[in-house]
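K.L.:
Pasting a structure here, questions to come.
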Amino acid sequence: MNNNDLVAKLWKLCDNLRDGGVSYQNYVNELASLLFLKMCKETGQEADYLPEGYRWDDLKSRIGQDQMQFYRNLLVQLGSDEKKLVQAVFHNVSTTIEQPKQLTELVSYMDALDWYNGNHGKSRDDFGDMYEGLLQKNANETKSGAGQYFTPRPLIKTIIHLLKPQPREVVQDPAAGTAGFLIEADRYVKSQTNDLDDLDGDTQDFQIHRAFIGLELVPGTRRLALMNCLLHDIEGNLDHGGAIRLGNTLGSDGENLPKAHIVATNPPFGSAAGTNITRTFVHPTSNKQLCFMQHIIETLHPGGRAAVVVPDNVLFEGGKGTDIRRDLMDKCHLHTILRLPTGIFYAQGVKTNVLFFTKGTVTNPHQDKNCTDDVWVYDLRTNMPSFGKRTPFTEQHLQPFETVYGEDPHGLSPREEGEWSFNAEESEVADSEENKNTDQHQATSRWRKFSREWIRSAKSDSLDISWLKDKDSIDADSLPEPDVLAAEAMGELVQALGELDALMRELGAGDEADAQRQLLNEAFGEVKA
């Protein structure tokens, strides 16, 4: 049975548990605990991680209320285990399963699954790939909280492929989430080194314990990330409880992270509400994405490289935003911007980009002035499909960008303007600064170059650079007057409310419909003849 089949079967079981009040998110957390026990059993590593008496067979051998109570005790015991890594995985973990028969069903089901391929037991990476599949499923189903910003796997894979992490390089993700970037970086290094077998023992140990480090603010998400890393044989620094530390990047925890050769990250979107920015940055701001940008510049080794997913506002925000972009282009070689299509994150409408840069320059890693000369921009947003479940975003959509980016991880491969994938040549050209004195055919290309001087003089250091006209864009001059638009919107709302009222009464919820109507009357004032 392949991993996709295992994921499908395990997820199908979740539907049964949901009848008992177990949410998708809780189910994934529950599976994290059980998968850890099962992984240790299947890979022969129980003695390395688990105390005697608290292992898979000890759980499996019990049924009913006895099993339920043992499972609760097991979670408490492992949460206070002397091994810091095990303690971190099970810290403050409790089960959300309330019915003993559901736990018995889940344990029995997991135990009966075909965990083997032929005569060879599954490796930790096999478990890891399956677990990642479950995390992806959870993101697809919840579409809220962290799930709405779940970084698409094709994008992670492309970013890591272009950054090309090497053995003995430290890869950092200061907004780790479920550790997707770190897992992919590990996978890339293993693919280049015969699963680390080509490396000497000391370098192998470095890759397992020191090469990958993340920081995550949310305890529950950090636990999922730790589990993900462990299942992919990334143990991290055992003294710090694994590869993923718990803490705030925008506070002292971020300052204490070791310097990195590579940063690949997708910082959380939105305002700074709920985020305690206690760290002193060169350019103080309440915009947490801009604070993350400053952290990344600071945390990179000279000559280090980064790829950062940022929302559009990072490219054009004034004031401190302008100062931070100038700082970025001064201290780093910002060589590439990828404008991402909308709809690839589960929070619909979020417009994002990837910034690729090197700290200093390749010829002088310690250079901290005038490091940026030309910035190349690939527009994968304008006139692209509306991505979602019916039109998934795949590696094929990123392949043209990978081709023009080139093999050099610092963006120094020979490049030429001009790339017309996805019917770009049919696009209209926007009347903008970007297209002044530009050949008409070249202006329809998705791949353009803009000098640092042009960005300074024509854009006032804004990096919101676009030149293709979206075929679905609306000309503001042709819009009706605001009062007409408002009246149309109000009319549609009234019609929708009427249909909802009728539906509620059809469903036997007339009293609730009356209550809601009363609230509307109080809110707007009852209209009298």
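Just so you know, the numbers here start at 1 and follow the chain as drawn.
Each Cβ is built from the backbone N, Cα and C atoms, and glycine gets one as well.
What Swiss-Prot shows for this protein is this:
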BINDING   Q148, Y149, F150, T151, P152, R153, T178, A179, G180, E216  S-adenosyl-L-methionine binding site
REGION    405-444  region 'Disordered'
COMPBIAS  407-418  compositional bias 'Basic and acidic residues'
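Show me how these features fit into the structure around them.
P.N.:
Using a 10 Å radius centred on the Cβ of T178 (S-adenosyl-L-methionine binding site) and all shown protein chains, the other Cβ atoms total 30.
Within the chain, the region 'Disordered' (405-444) has long-range Cβ neighbours (under 8 A, six or more residues past its boundaries) at 162-164, 305, 333, 335-336, 356, 358, 362, 376, 378-379, 382-384, 397, 450, 458-459, 465-469, 471.
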K.L.:
Non-local Cβ contacts of P152 (S-adenosyl-L-methionine binding site) (under 8 Å, 6 or more apart, same chain)?
P.N.:
I344, F345, F393
K.L.:
Could you tell me which of these binding-site residues, F150, G180, has the greatest number of Cβ atoms within 10 Å of its own Cβ?
P.N.:
G180
K.L.:
Mind checking how the compositional bias 'Basic and acidic residues' (407-418) divides into helix, strand and coil residues in DSSP?
P.N.:
0 helix, 0 strand, 12 coil
K.L.:
Using DSSP and collapsing to three states, where does P152 (S-adenosyl-L-methionine binding site) fall: helix, strand or coil?
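P.N.:
The three-state answer is coil.
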K.L.:
According to DSSP, which of helix, strand or coil covers T178 (S-adenosyl-L-methionine binding site)?
P.N.:
coil
